[in-house]
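Listed features, source TrEMBL:
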{"type": "BINDING", "residues": "CYS24", "note": "Zn(2+) binding site"}
{"type": "DISULFID", "residues": "CYS24-CYS95", "note": "disulfide bond"}
{"type": "DISULFID", "residues": "CYS26-CYS124", "note": "disulfide bond"}
{"type": "DISULFID", "residues": "CYS36-CYS149", "note": "disulfide bond"}
{"type": "DISULFID", "residues": "CYS151-CYS198", "note": "disulfide bond"}
{"type": "DISULFID", "residues": "CYS156-CYS161", "note": "disulfide bond"}
{"type": "DISULFID", "residues": "CYS169-CYS190", "note": "disulfide bond"}
{"type": "DOMAIN", "residues": "24-149", "note": "domain 'NTR'"}
{"type": "SIGNAL", "residues": "1-23", "note": "signal peptide"}
Amino acid sequence: MSLSRCVPLLLLVLCGAAEFAEACSCSPEHPQQAYCNADVVIRAKVVGRKEVVTGNDVYGYPIRMIRYDVKQIKMFKGPDGEIDTIFTGPSSALCGVNFESNGKKEYLISGNMDSNGTLRINLCDYIESWESLSMTQKKSLGQRYQMGCDCKVVQCSMIPCSINDPTECLWTDWVLEGTVQGTQAQHYTCIKRSDNSCAWYRGSAPPKKEFMDIEDP
């Protein structure tokens, strides 16, 4: 499960009847950007799993999903009330998420609500085991990441790269460390300052007034 967005690629195969196969492709996202893009972000245990049919597609074939029952520990972002069920695709090829469903492992789960108020997730959402998160990431969930939702984290995929707007922060983990789980992802937040520009801030404590008042990045 990566810090990324999902772009399903649909392939139509004609073999007497129409069959569909999808591949899951994602572009990386900094945890803050993933948090800001999600409708719901929770810490939870997964306590049950069942394959269900949620309707039929335009060809009359059943739409199969995996329904996970979850026990919410804490909500960082989302609607009033607890989240107790989550839906995802039936396989990783369809961007479906596979959880351990014995209730022993804690997860950070983000996703988006559909028009029926159902939480749907996929492999490209911000989903990690709770224990794998850095202390800064854990403390940033909620207020810290929310403070940066008016900013935009822009990934640098190759050098040279630059930002085009003062409200952007350049994310260089991939080009400098060869991973999207690098130093900026684990320890930095892109925060808006008093002059409306955005800049990286490191640490788990709230930004000091001196940082917020700086005019030049």
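Cβ atoms here come from the backbone N, Cα and C positions, even for glycine.
Checked against CYS36 (disulfide bond) by C-alpha proximity, the disulfide-bonded residues CYS95, CYS124, CYS169, CYS190 yield CYS190 as the nearest. Checking Cα-Cα distances from CYS169 (disulfide bond) against the recorded positions (CYS24, CYS124, CYS161) with a 10 Å cut-off leaves nothing; none qualify. CYS190 (disulfide bond) has none of the recorded positions CYS24, CYS26, CYS95, CYS124, CYS156 nearby, counting only those with a Cα within 10 angstroms of its own Cα. Listed in sequence order, the disulfide-bonded residues from CYS95, CYS124, CYS149 having a Cα within 10 Å of the Cα of CYS24 (Zn(2+) binding site) are CYS95, CYS124.
Taking the Cα atom of each, CYS95 (disulfide bond) and CYS124 (disulfide bond) are about 7 angstrom apart. Comparing the Cα of CYS198 (disulfide bond) with the Cα of every entry in CYS26, CYS124, CYS149, CYS156, CYS161, these being the disulfide-bonded residues, the smallest distance points to CYS149. Closest by Cα distance to CYS156 (disulfide bond), from the disulfide-bonded residues CYS26, CYS124, CYS149, is CYS26. If you take the C-beta of CYS151 (disulfide bond) and look for same-chain residues 6 or more apart in sequence within under 8 angstroms, you find THR167, GLU168, CYS169, CYS190, ILE191, LYS192, CYS198.
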